[in-house]
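TrEMBL has this to say about the protein:
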- A:632-666: coiled coil (COILED)
- A:673-889: domain 'Histidine kinase' (DOMAIN)
- A:6-25: transmembrane segment (TRANSMEM)
- A:45-64: transmembrane segment (TRANSMEM)
- A:116-135: transmembrane segment (TRANSMEM)
- A:163-180: transmembrane segment (TRANSMEM)
- A:192-216: transmembrane segment (TRANSMEM)
- A:247-267: transmembrane segment (TRANSMEM)
- A:279-304: transmembrane segment (TRANSMEM)
- A:326-358: transmembrane segment (TRANSMEM)
- A:379-399: transmembrane segment (TRANSMEM)
- A:411-432: transmembrane segment (TRANSMEM)
- A:439-463: transmembrane segment (TRANSMEM)
- A:496-515: transmembrane segment (TRANSMEM)
Amino acid sequence: MVSFNVLITVAVLYTMVLFGVAFYADRRAQRGSSRWLRSPWTYTLSLSVYCTAWTFYGAVGNAARSGLEYLTIYLGPTLVFLAWWWLLRKLVRIGKAERITSIADMISSRYGKSPTIAVIVTVLAIVGTTPYIALQLQSVTLSVAVFTEFPIGNGGGSDLNATAFWLSAGLALFTILFGTRNLDANERHHGVVTAIALEAVVKLVALLAVGIFVVWGVSGGVGETLRAIDASPVADWQPSPSRWTTMIFLSAAAVICLPRMFQVLVVENADERHLRTAAWAFPSYILAMSLFVIPIAVVGLAVMPEGSNPDLFVVTLPLELGQEKLALLAFLGGFSSATSMVIVASIALATMVSNHIVVPIWLNTRPAGASISGDMRNVVLLSRRLSIVAVLGLGYVYYRTTGGSAALSSIGLVSFAGVAQVVPALIGGLFWRGATRRGAIAGLIAGFGLWVYTLFLPAIGAFPQTMLSHGMLGAGLLRPQALMGLSGMDPLVHSIFWSISLNTLAFIVVSLVSFPTPMERLQGAAFVNIFERGDGGIAPTGGQAEAEDLLVMAQRLLGGREAQTLFQREATRQGKTGYLPDPTPDFIALLELELAGSVGGATAHAMIAQINGQASITVRDLLAVADESAQMLEYSSQLEAQSRELEKTARKLREANAKLTALSVQKDAFLSQVSHELRTPMTSIRSFSEFLMEGGMDAQTQARYAGIIHDESIRLTRLLDDLLDLSVLENGQVVLNTQDASLRDLLDRAVSSAGIDGSKSGGLEIVRGSEGEGLSLTTDTDRLSQVFINLISNAQKYCDAENPRLRIVVSQSRGYVDIDFIDNGTGISQKDEPVIFEKFVRLTDQAAAGSAGLGLAISREIMHRLGGTLDYLPGQGGAAFRVHLPLVRVKRAA
Amino acid sequence: MSKSVMLVEDEPNIIEAISFLLERDGWTVRIHSQGHDAVEAVQRVAPDVLVLDVMLPGRSGFEILRDLRRDAATRDLPILMLTARGQTKDRELAESYGVSHFMTKPFSNDDMLSTVRDLYAASAGEA
């Protein structure tokens, strides 16, 4: 039996070899002699991070349980590499052109460098990858347990946990050392890639060795093995078409979208041409990896005792048959599979976490304006390292909390399904220019959410059984593994069906209805048409700008004096006389900054570049300029809107002013009228009182003058009363005193108040129809009487008929009563009708009528207050007025 | 021949007061109480002095004043205007039309009498 210590020693020695290889490769790369590092073979071998411990050990287990289904895991990538080679080439080309650092960066770049998308993809990657890392830790500890015969299961013993912990720590150290040695602009890690390539060789050799041993050493040749396979239950498995399709799709998606695969496939790619080799070599590699899976499974099932874990046949079979060295090699193969996956995955994840989450937050929380040039590198490196520790820590914690349970064994496919959610946004973005940021976000969120709900949470056992059988909140349609009642499907197929179809639907629909920003259009075009771009990159050839040209441009944009001051200051700083400094890069940067203040950054950059004789302005520059112009246009249209607003306000003010002026004219006219009405009686009073004061006239004359004075005083008083009454009514301050009364009583009172006793002797004859007068009114009866009296006395004063007669006619309809006052005079001429209700209007020449012409104005105001109207009725023969009044006054809210 | 005053006014009590005042002083007072035909009446009567109210039925005193001043026969007629409206712009308007004197109601009898006398004396002196 191999002791635990021997095993650990071998593992540590192997790890040290890996360290050495990585270190050596990095050194070679630094010195520039890295020809062999950049060979297509290294690239192809590094792609083998696809084959993790899950495939190394799990494929055999899978074959033992489900027959040939394990092949789908290899068929997917094979299809992609053989048939979709051009897709990979496009990815790699874009990755280089856009200096892509991760899958999150790739997708966010495509959609206008959207930070939201970057964060979503990063979170998706973390959620999908963490269980996978835990799975690797578990596979290593399980294989260790096999050698040392520790009990396998929950908790597994403290030594096993210690193994997992030290393994995580060691991997973190390795990843930090070789994954974050420096900040390479193109994010390539020669040391890591070389070590991964070595591990790829080790795991292939180990698996082949076990296979060869099984076929030739145990079964006794190919023919015997095939017969054993035919006899074994493994051959009886019938593939389920839907599950096969789903699995092939998933593994095809995974080989592109898994963060670690994207890392080695796109980010670490040194030369696009390496893909030519990888296109056939990588499928061959995974074919070799899968070659002996079935024999090992079949023989394992036959040889191993009942109930042994088929996931560990690769190690346990040689051990059982006494081949300890072979078993050790197999252990190292599994170890290599696990460690290479964890290393690359944590580099990829750490890059995403650092670039899209940590650094943006760090930049945002820094005080504005602080210099970020100097310490930026250190911050990014630190954040990478912390992210690596965090990612591995997360994997370890996940392993400790779910370790050994069945939850882990199926997690590989669950992870695949999770990262497959980026497929619509990624592939759609590569081939469809119409794809938009909003569409990508909608699709990602829909797919991610459905995946979590239908697959991830059930798989890790987060849902209670009632939730699975009865759905969320008891809603049967929301059963996580039978959405909308779609039951009877394999949970994986079910989840992929819902998440990918709704993801794609949301992506397409939202893309169609949303409008891309210029940046999105530009990036979309750059991604979709990557092959139409010329090979010539943008060479930053520092041309020679003429200081004078720069000055001319600066003057135009900054203004003459400012530009000269700026140039002169720089010239002085450079120790030159005059005002033309040397156009040093520092000065040009400063100038660009100054110009950006007035024309926008992109425009400033383009203008300087033009003068500086640099490469012609790129489409991107132009687009940014257009963007800025659009913003300025918008700004100016805002200004226009503001000035329109101002104009509107000014017009309103003018109107208000005109209204005020008109009011002021009216007020002047009113005051003139009031003045006239007051001064006229006062004139008589003054004049006659002076005569009386002089004395010397007969008693009769004296009495007559005193009488005039008396009458004029009463006229004055009445005028003042009317004015006050009108003022109160018009201001709405009048208090109405509502009470019940019979209309007949009110009319009787008004007739007698007007000084008409009912006989013909008063001059004016009142004719009343008795019908209709019997009704009862609820209103301010005093005010209504005032209106009646005014109308009757007007008839008295102005009716010019020989036998003046006033008819009072009452009619009633729908809660209202109409009381018409019609006299038999000549009436009011048509031209005067509009003015009779105006104040101070008297149509006759008889000033002696004794009123100031306020009566009708007051009456109409009263009727308005009582909720009725007072109108002139034309065409009635004489002057005719209609009082229109509700039977019951409705009190209006004050 | 006695001095004559024509009074164009529509308020009966004021007519009575001014008539009493001037007749007592020896003037012949002719009354007209309408606005619309006042210009013709003045030209027919040809008084020595005209006392003209502003607010008249039919036509404003200002228009009558303007028409009288336009006519050669009455261009130099002494005209005393009376108003109860008491606004300065009324006075300015009247002066712009060439009024001889402008007086606001209520007035004192003495002022009225001396003004009419002065206007008559001035016009007689010129003539």
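Glycine is no exception: its Cβ is also placed from the backbone N, Cα and C atoms.
Contact counts against the transmembrane segment (A:163-180), taken as Cβ pairs under 8 Å, peak for A:379-399 among the stretches A:6-25, A:192-216, A:279-304, A:379-399, A:439-463. In summary, the transmembrane segment (A:379-399) lies against the transmembrane segment (A:326-358): three or more C-beta pairs, each 6 or more positions apart in sequence, are under 8 Å. Here the transmembrane segment (A:326-358) has Cβ contacts under 8 Å with residues 2, 7, 10-11, 14-15, 18, 48-49, 51-57, 101-105, 108, 115, 118-119, 121-122, 125-126, 129, 132-133, 136-137, 139-140, 143-144, 147, 167, 171-172, 174-175, 179-180, 187, 189, 192, 195-196, 199-200, 202-207, 209-210, 213, 258-260, 262-264, 267, 314-316, 318-319, 380, 383-388, 390-392, 395 of the same chain, all six or more residues outside its ends. In the predicted model, residues of the domain 'Histidine kinase' (A:673-889) average a pLDDT of 82. Sequence-distant neighbours of the transmembrane segment (A:411-432) (same chain, 6+ residues past either end, Cβ-Cβ under 8 Å): 52, 54, 58, 87, 90-91, 94, 103, 106-107, 110-111, 117, 121, 124-125, 127-129, 131-132, 134-135, 247, 249-251, 253-254, 256-259, 439-440, 443-444, 447-448, 451, 455-456, 459-460, 492, 495-496, 499-500, 503-504, 507-508, 511, 524, 527-528.
Per-stretch counts of Cβ pairs under 8 Å to the transmembrane segment (A:45-64) identify A:192-216 as the leading one among A:116-135, A:192-216, A:439-463.
Using the rule of three or more Cβ pairs under 8 Å, pairs at least 6 apart in sequence, the transmembrane segment (A:279-304) is in contact with the transmembrane segment (A:192-216). Looking at which of A:192-216, A:247-267, A:439-463, A:496-515 has the most CB pairs under 8 Å to the transmembrane segment (A:116-135), the answer is the stretch A:439-463. In this chain, the transmembrane segment (A:439-463) lies apart from the transmembrane segment (A:247-267): fewer than three C-beta pairs between them fall below 8 angstroms, excluding pairs fewer than 6 positions apart. Below 8 angstroms of C-beta separation, residues 246, 249-250, 417, 420-421, 423-425, 428, 432, 434-448, 450-451, 454-455, 483, 486, 489 of the same chain, each at least six residues beyond the ends of the transmembrane segment (A:496-515), sit close to that stretch.
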